[in-house]
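Enquirer: Sharing a structure with you now.
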């Protein structure tokens, strides 16, 4: 074995060489010179002077990368303008891009970076933010939508070169990297997601950027604290902030990098040649680049988000009254309202449970079989006239706003009646079961013109009072205790069926434990007999806004990839057992085993972290939820089949043309993938002719299983 062959072949994949940590066994690392050159793809190549690649090899590497990247961009930008109407979730994310251009506040369960980038792309490309994005199928007409689609196509195109370089780094094999690139390039689903105004290509861009950066800084482990090592480590942190800033799915790549970092530090801890000072530097570097730096960037994303969205919009009702007071155009912004609640006041009552909404009623009744057939009471997350209630004494029906009556303030412990302003029915409860939550009581609107019965009476309690007994608007946290049953008014947060207009359930719970579900505050307050105070003092700080926004937000499978995962688990198990039992293997086979276990294991971990959390979710999932996992299963497929074909070529080495087994096998797989794309490319670029159900349709013959639908 020549010195040039040691430490540079497939076995080096995923191994973290350290200064002073000893030499790897030569038996597991032999490889030919061309194989070494294939691994030269980053800022920190691990080359010995004897194994320096020739310039043509380097040129070949760059040419292949350029070809892969060019094909990626060509497939993603082809017919990007078609169709010229709103498709699928463009109605959501295109609209959110418009909100940024118009600076209108909205609510979404995902962090803001993806929508901010979409809005920025639209703004820079001349889109004025006036298209309504009402429903799929709406024609764009003269509105410029290409810039927003172009951003997604641009970022989606980078998935292919990122995957190519990642697999190249893990396997040191260009054929494995090319096979992976083909899987990404010719996957119709991945292509389609990249051509529309969606968050998925933006999310996947940052996931793959984080994965590539992680394996690159791993490969520089024998040169810690070098410029290239710092570069890739910092870029990993930036990519993590980006992934998490687009969707909380980014937490899975954060976990992946975290597990890799823990393993890395554990190996360093076992290196007795390293001083504790050096270990401290390694730990500090990772804390700085992978925790502190990403958190700063993530926080900065929200700072820009809140700075830009400073106008009142459709998301106001999801947030607290204090939060809303900072939004231009909101009725609480620079508002002046009476400070203390009095009888006769017209108010809105907001639940303190995040995103639970306002106490609401409307003229519709509960359906037959759902408790008493009385007027519905719900929690509604948007501003509405049906959120208005009049505060009255429980035993008096005179008008408290009559000028001849003195002002009487509502106090802690008072028994009150809330009359719905639009329908004149009283807030009411009784021992009928709530529609959604068992063992809770139904809450209804009852009575005629404010006249009901004793089940309309509620005792008001202030939870955060100090000495004063008056009810302060916005600041007092109150509970409403039903006088007849002793239950507490609350919102379960459960969504009602269609008959309840998919608003949130309001119940009266017999469990008196104080929770945000059963605590409310008075927001709007109208009483002409009282003086007003300015609400500027209630505006929250940035950190309070950041915390609240997060509290609100928190509230298919590809056949070849699937088969490859199962095959990988089988071969990985056999390989591990063989090596553990000390079975004699050639140096080349040992090197391939290391690639299979270490490089393949790294991407298998990524697949597990991105697949099983969705697999176990009880919510309705869609095809696009599985695409982050598909990124890793495709990389695993490339590494696995390249390794298998090399195994075959190794065992057939005594025979002529054995070296062609690997080349022919990889070429056949790539051609098969490309042909599959040729067959199904209308799914991405648009179908012509009759509908797929028609036997004359060009898609009819492609329905390989009866369960398929086009």
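Our numbering is plain: 1 for the first residue shown, then up by one each step along the chain.
Including glycine, each Cβ sits where the backbone N, Cα and C put it.
TrEMBL labels come from automatic prediction, so no person has curated them.
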Enquirer: What range among 59-77, 78-96, 173-191, 192-210 does TrEMBL record as transmembrane segment?
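Expert: Transmembrane segment, as annotated by TrEMBL, spans 59-77.
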Enquirer: Can you check which of 552-571, 572-591 TrEMBL lists as transmembrane segment?
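Expert: Within the set 552-571, 572-591, TrEMBL attaches transmembrane segment to 552-571.
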Enquirer: Tell me which of 26-45, 146-165, 326-345 corresponds to the transmembrane segment entry in TrEMBL.
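Expert: Checked against TrEMBL: transmembrane segment maps to 146-165.
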Enquirer: When you scan the chain for residues with a C-beta under 8 Å from the transmembrane segment (660-680), skipping those not six or more beyond its ends, what do you find?
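Expert: Here the qualifying positions are 175, 178-179, 182-183, 185-188, 560, 641-642, 645-646, 648-649, 652, 702.
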Enquirer: Given a Cβ distance threshold of under 8 angstroms, which distant residues of the chain, six or more beyond its ends, lie next to the transmembrane segment (59-77)?
Expert: 37-38, 40-41, 150, 153-154, 156-161, 164-165, 174, 178, 181, 184-186, 191, 194-195
Enquirer: Which bits of the chain, at least 6 residues beyond where the transmembrane segment (283-309) starts or stops, bring a Cβ under 8 A of a Cβ in it?
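Expert: Distant Cβ neighbours of the transmembrane segment (283-309) are 99-100, 103-106, 111-113, 116, 225, 230, 233-234, 236-238, 240-242, 244-245, 257-258, 261, 264-265, 542, 545-546, 549.
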